[in-house]
Every structure is written in structure tokens, then in C-alpha cells.
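*Asks:* One structure, as C-alpha cells, below. Some questions next.
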Amino acid sequence: MASLRKTHPLIKIANGALVDLPAPSNISSWWNFGSLLGLCLITQILTGLFLAMHYTSDISTAFSSVMHICRDVNYGWLIRNMHANGASFFFICIYMHVARGLYYGSYLYKETWNIGVVLLLLVMMTAFVGYVLPWGQMSFWGATVITNLLSAVPYMGDMLVQWIWGGFSVDNATLTRFFAFHFLLPFIVAAMTILHLLFLHETGSNNPIGLNSDADKISFHPYFTYKDLLGFAVMLLALTMLALFSPNLLGDPENFTPANPLVTPPHIKPEWYFLFAYAILRSIPNKLGVVLALLFSILVLMVVPMLHTSKQRGLTFRPITQFLFWTLVADMIILTWIGGMPVEHPFIIIGQIASVLYFALFLILMPLAGWLENKTLKLA
């Protein structure tokens, strides 16, 4: 008689995804980041739930309620630090996961990839509205600057901004609705994650050499369950070390000052994980261009599968495109650095060059390199 895990209507779904799932035998640690993202999401939802029990979404008490959590609630300081730094780890894992997808050609699973890009946008939205909640100076001014970009939408821009604000400026109504969105969005992310996995399990995982691995599959459990558990241990250790030893390392000191609409901070900037997009945004002098560049800096990922020209899937045996991939990584680091710098020479021109290179790599240089590599293969 077949075991319960193979016959029970609910358990057999989990069994198919976590126990008997056929997985390529040669997938490296770069394939760990998917499960790490699941762990990050669960950690963020749990810590966020406990924070929401003590937080008040009113401009007169929001800042002091966060201070109250850190000072008076049992282990509130730990929950808050884990949640704030957990967001940083979430984005580290996302960027690693996307980089793995780009390097090994996982984007050729188009449905899985496109749902992943939507997931990235949703997580970015969640992080943005979450950053507003402590109601510090950078929370307030960050919300003001970014929401104001919608005024560039033709005809209905100003109306759209006031609709999102719930008034004529970022105020109590804005904070209340941002809290509602920040509570709701992670559950939408969780639902989309299930869809992401559903489409992934239609095709199975890609692997480092980019060839069909049907002839050499192993079961997910115990091989990859234990491999994932090791990843969990490493990430949780790193997260707790950051949250316990230097919890404010990645934050902005400006956010320890309560929001004041009458005093503008000398340098408005988002959290480190948005700095690359912020640098692209700032490199364009036109407001509508800024909105389009900001959106396209992420949506360009959706175009990648359409621009795949190479006969090979991954970059394992493609040195020219490998060089371009690492150029992209370096470019992202430069953009992140520029996003945190003041708007003055030479940072303006460096940001503009890095922004042009960012889009050129995706839209022109990588497709050209793939075509060139096909030609060199014919000569060999």
C-alpha cells in the first residue's frame, strides 16, 4: 500500500514539491537562494506581525510607538532589528537569485521568470511603504519625493498624487494607508510565490551547464532539503549577527529624527537596496523620463528572454558574455555608490554613464555578444 504522503490530497502536493521532486544532481549553491527567499518572507511576515501588534499608524504616535517597541516591549528591540535588517537580507537574496537566473539562462522559463519580475516589483513596493512607517525624517521625505513622481503622468498626474496622499501633502491619511498596504502586500507576495513555484515545477530546475538533466535526476529529499537547511543556518547566523552587533549599520541616521515637513534633510536617499534605481532616476533631468527609467530599470528584465540570441543557454562556456555579465555587476555596484552621493560633479556624469551602460548591456551588448559567439562557434 502506498504511503500517506503519496495518497493524501494535501500532503501529496507538499510531497511533490519538497520530497519526491526530481532535481538535477549538479545544481550549485546558487540554487539555494530561492529557498532562502522563502525563509526571508516567513521571517518578515512573523516579525512584522509582532511589530504590528504594538505599532500605531498615526502621525502623532507612529515614531514614539516604534521607540516604545524598542524600549518597553519584551524583545521588541530584537524583533524590530530582525525585521529592518531582514529586509536587507531579503534584497541581497533577491539580487543573487536574479543574477543566478541571468548567468545560467533560467530566464528561458518565461512564465517563471516573468512572475519573478512581478514578485520583485511587489517586494520593492512593500519595502517602500514599510520604510515610511517609522515616520522619521527620511521616511517622510522619501515618501514625498517618490510619490511626487506620479505627478509626471500626463493629464491625471496631480490628481493621482493627491489620491495616493489622501490630501494635499503626505499626512496622516498617507501613513494609515501605507500601513494597510504594508500589511497586505506580503500575503500577495506569498500567493505569487506559490504561482512562481507552480510554473517552475512544470519544467523542473535549470542546471549550471544548461543541458537537459532528465537522465540524471535525484530526489529533492534528502539531498537538497539538507543543502537548503545549511543555507538557512548560514543566513540566519549572518542576520542575527547583523541585528545584534550593528543593527543600524545599513540604516540612515536621519530617520532617528521625527518627521518634520518644515525641515528638508540635506540629502534625501532611500535604503541601500534601492540606490541603484535611485541613481538611474537622478541621472535624467526630465520628470516623465525619470518615471519611465525607474520602471524600466526593473521591467528591462522582462525583455531579457526575448533578446536571447545565443545557441547556448547559460554563460558557463561563453567568455564574452561572461565579461559583460560581470561588467553589469560592477555597474550595479557603481550605481549603488552614486545613489548615495550628493548631486554634484563628478557624481552626476558618472551616474549618467553608468545608467546608459546599464540599459545598453541588457538591450544591445549582451544580445550582440550572443550573436558573435554563435559566429565564432561556426568557425571553430
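A Cβ is built for glycine as well, from the same backbone N, Cα and C atoms used for every other residue.
Take a look at what Swiss-Prot says about it:
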- 33-53: transmembrane segment (TRANSMEM)
- 77-98: transmembrane segment (TRANSMEM)
- H83, H182: heme b b562 binding site (BINDING)
- H97, H196: heme b b566 binding site (BINDING)
- 113-133: transmembrane segment (TRANSMEM)
- 178-198: transmembrane segment (TRANSMEM)
- H201: ubiquinone binding site (BINDING)
- 226-246: transmembrane segment (TRANSMEM)
- 288-308: transmembrane segment (TRANSMEM)
- 320-340: transmembrane segment (TRANSMEM)
- 347-367: transmembrane segment (TRANSMEM)
*Asks:* In whole Å, how far is H196 (heme b b566 binding site) from H182 (heme b b562 binding site) when you measure between their Cα atoms?
*Replies:* 21
*Asks:* Quick one: pull the CA-CA distance for H196 (heme b b566 binding site) versus H83 (heme b b562 binding site), whole Å only.
*Replies:* 24
*Asks:* Where H83 (heme b b562 binding site) and H97 (heme b b566 binding site) are concerned, what is their Cα separation in Å, rounded?
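*Replies:* Given the Cα positions, H83 (heme b b562 binding site) is 21 Å from H97 (heme b b566 binding site).
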*Asks:* Give residue numbers and ranges for long-range contacts of the transmembrane segment (77-98): same chain, 6 or more residues beyond its ends, CB-CB under 8 A.
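*Replies:* Tertiary neighbours of the transmembrane segment (77-98) are 30, 33-34, 36-37, 40-41, 43-44, 47-48, 50-51, 66, 69-71, 116, 120, 123, 127, 130, 235, 238-240, 242-244, 247, 250-251, 271-273, 301, 332.
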*Asks:* Which Cβ among the binding-site residues (H83, H97, H182, H201) has the fewest C-beta neighbours inside 10 Å?
*Replies:* H201
*Asks:* Looking at the stretches 113-133, 226-246, 288-308, 320-340, which one shares the most CB pairs under 8 Å with the transmembrane segment (178-198)?
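*Replies:* Answer, by Cβ pair count: 113-133.
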*Asks:* Other than its close neighbours in sequence, what residues sit by the transmembrane segment (226-246), given a CB gap under 8 Å and a spacing of at least six beyond its ends?
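*Replies:* Hits for the transmembrane segment (226-246): 29, 32, 35-36, 39-40, 43, 78, 81-82, 84-86, 88-89, 93.
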*Asks:* How many Å separate the Cα atoms of H97 (heme b b566 binding site) and H201 (ubiquinone binding site)?
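*Replies:* Answer for this pair: 17 Å between alpha carbons.
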